[in-house]
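Feature annotations, reproduced from TrEMBL:
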type	residues	note
DOMAIN	212-250	domain 'Tyrosine-protein kinase ephrin type A/B receptor-like'
REGION	76-100	region 'Disordered'
REPEAT	772-800	repeat 'NHL'
SIGNAL	1-35	signal peptide
Amino acid sequence: MVLKAPSMSTEHTARLLVVCMLFTLAALVVLPACAASPATGTGALAAVPQLANESPYAAAAAAAAAAGAAAIRARHGAKTRKPAPILGSTPKPPRRGAATPMQTSACVRIPKYANSTEVCNMANATLPGCMYSCWTRDYSKERCACCWKGQQLVDNSSCEACPVGTYAGNGWNVCQQCRTGYSTYSNGSTACNVCSAGYGVPSSAFSQPVWRCIKCPVGTYGEGNTTQACSKCDDGFTTAAAGAAAATDCIPAVCNSLPSPLPGVPAWPSQCNCTSSCTAQCSGNWTGTATVLCGPNNAWLPPLQNCQLQQPGPEDLTGELSVTPASIIVKSEAQIKFTVKFNASLSAAAGAVKLYTCSAAGDPLQYLSDMQPTATGGSTYSASLALQGPQLGSLSSRPGVLRFTAVVGAENSRTGAVTRLELLPGCAAGPADSPPEGGWPWNATACSASAVGQQCLTYCDWPAFSGGGYFITCLPDGSWSGPGGFCFPRSCSGSPGPEWTNSSCAFMSVGSQCTATCPSGQQGIGYVASCTIGDWQVTARDCSPIIEVPTCNSLPTPNAPAGSKGWAADCVGRRDGETCQAACDVSNLKYFEPGQNVGYSVLCQAGQWVLQPGGVCKACGTRFASQGSGPSETGFYKFGVLPTNDGSSVLVADYNKDRIAVYSARDLTYQGEWLGVQSPHGLAAAGSGSVYVSTLGRGKLHEVYSSGQVRQDSLYPASVGSGGFGVAVAGDGKVVVTYPDVGLIGRFNSDGTPDSSFLGVSAPAGLAGNMRPGGVAIDRNGRLVVADHYNGRVLSFDADGGYRGVLISGLATSTPAGVALDAFDNFYVVENTALGKLNKYDSSGTLLRTYGGPLSYPKGVAVGADGVVWVTEQFGSVWKITCM
């Protein structure tokens, strides 16, 4: 960016005048000497009077600064306003490139017509404290996305006020903790404007808009929520550490050492150790008592009362006393070194020359050191001393001056020689703290070794900030005062563009944002501009017309697709680009083949539903040969079912139509019929390729050739019974038939004659209930598996008709009907009920699987060589089941 030099307007003239006056003050004003002031209970150095109170130049500078500020306000059309004092730095506008909570805000717009569950904008925010909210598509529920200043986002849905000690700006969503020593007056604050407990304003702070908080020194306390200085504990009391928060933290001060010797008190009583005060009787040439108190820093204060020196002897000893250097700047608590010389012609009998501090009247106060002659037999005596800053206050007769006198001999005879050392307290190093917001860093080198009252100056960080700059003053205790002066962010004038015409963007400060909402008929975040150095910068233009999107206003199909639960009711009203699903009815997943239950999906396009490819709900059970009058439809009553040996066809015993219906085993289409058998019921395959057919109620057993012709010399086992139900063929070609009407099982030779060794097999003695055999099957070892229909169980017999036991029990009475075996001797039993089942068991009778969803009164069952299971419904259809 190229910055052009502004013309010499009133604002710039005022600014130059302020700068010139500040330089004039630094160059010409001579700091006045510190005036003596009485100290009550302490000899600490008093503060030098404020420069503004003694220098007409300072008053002129203040007037010039005020005139410059007024000119700047007049230029921008701002009303003159006295800013309220704020403690601590005001929330800083972010500098270029700096990251702030606002810049990391997640205020992202979601258009109304997008494929989403929410619609977000600023116009519809109704939650308390919420600046930007999101609604569900039907506008039934609102959550907040961005909060106003002083608020924080809770649970990603609502706003609450920042607690005391924290603050937040617009859109931050997270409350920021006040820096150490600062707090807020109440909840919901946007700036840290008071000192927290244990902190206070330095007593020497200037009356400026920007203050600072410091930890309360030892011996003081701050109760918090204040802009006042820390309160001092009563005399003789102190605090355990800096940062005390209440008057109750003040405790009696205890010094854990003896006071320093005083004139007349060479040693204090031992009981003075670890006490708050001490009194000693004066000795030697001194009279009276001396008393000292323990100070806040657990160090003995200057004495409240000194010993009085007795009048010296009549000998008049004269001499000249001098000190080198004559003045010293005391830099905080640094050590100072100086030399005191005494010129006098004394006899050897006069005694030692002693150096004392003295009062302004020349009265000796405190012994310092013996003065040694600089040469043997000479007349010059000298003493070199090194003192620490804290000692100076206890040695001087008044702040800023250290007076000395010399006395001679054991009687401390006065010499009348007096000299003085000027102590000029100052600041050893430049300020450690940074200047307030908008100021350049302090020049620590230039500000070091400053005398009390001297000021350290810095300028505003232009062009981001304007103003007269900041200054701090060196205090008598060697610390720097709180900053004075001011720097304020430059503002952006005018509007960022025509979109912001109705927004109050004028004169916003650097770093601020101005947002204009979208006009009527449009939606989006709106128009956002940031005030950068010198001008507005547009950061977002997010408004777009609200487009009416076509919708699909009906279900994709009137009826549910095959095998599905139907279309969801909320499919009506879906927008373009949205989908609708019909899930498979998978209440029992075993009825569907793997990968064949993905369901159906449609897409709304231009207001019309379009079926998407790949949709399927394919069950592993397929129904065919339903009940009806047509040639391909079966009659009212069915039982026997039998797949052919080659697996190409399946035969169905059609009882009411007196036929054997033939269907394709692959595509289940009708292929023809075998006639000539009345009331066919059970079917079984003979080894020769022919089929045995039992007839229910007629007692006949027919053999039908593969061509469909009935053998004329059909068997007639009248000696067994008339209710031929189930039929099975053993490996040796013998045929087994069940007769439920008489409760017997019969067996016949392949030539049609009854097998005398297996004729009329019945239930053994002791078996509960009368056996009513129904379906029958024979395993690879010739053993029989028989459904005991009326007793709800399955029985087992060996190849010779011997009873082996109960394989399955606990089935409902009159439910087990057909029985079949697969190549692994697993057997299948159907339960003949309205909600019928097909059960698969292993050879020991353990249940392996159940297929039972759509079967209604299943009657017959057979298993092909390929493992496909065929089931007939007594009053319905035939099922091909591939998932058992």
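Backbone N, Cα and C define each Cβ position, glycine as well.
Sequence-distant neighbours of the repeat 'NHL' (772-800) (same chain, 6+ residues past either end, Cβ-Cβ under 8 Å): 682, 725-732, 736-740, 743-745, 757-758, 761, 763, 806-821, 825, 827, 829-830, 832, 843, 845, 860-861. Summarised as a single figure, the pLDDT of the repeat 'NHL' (772-800) averages 92. Helix, strand and coil counts under DSSP for the repeat 'NHL' (772-800) come to 3 helix, 16 strand, 10 coil. Helix first, then strand, then coil: DSSP counts for the domain 'Tyrosine-protein kinase ephrin type A/B receptor-like' (212-250) stand at 3 helix, 12 strand, 24 coil.
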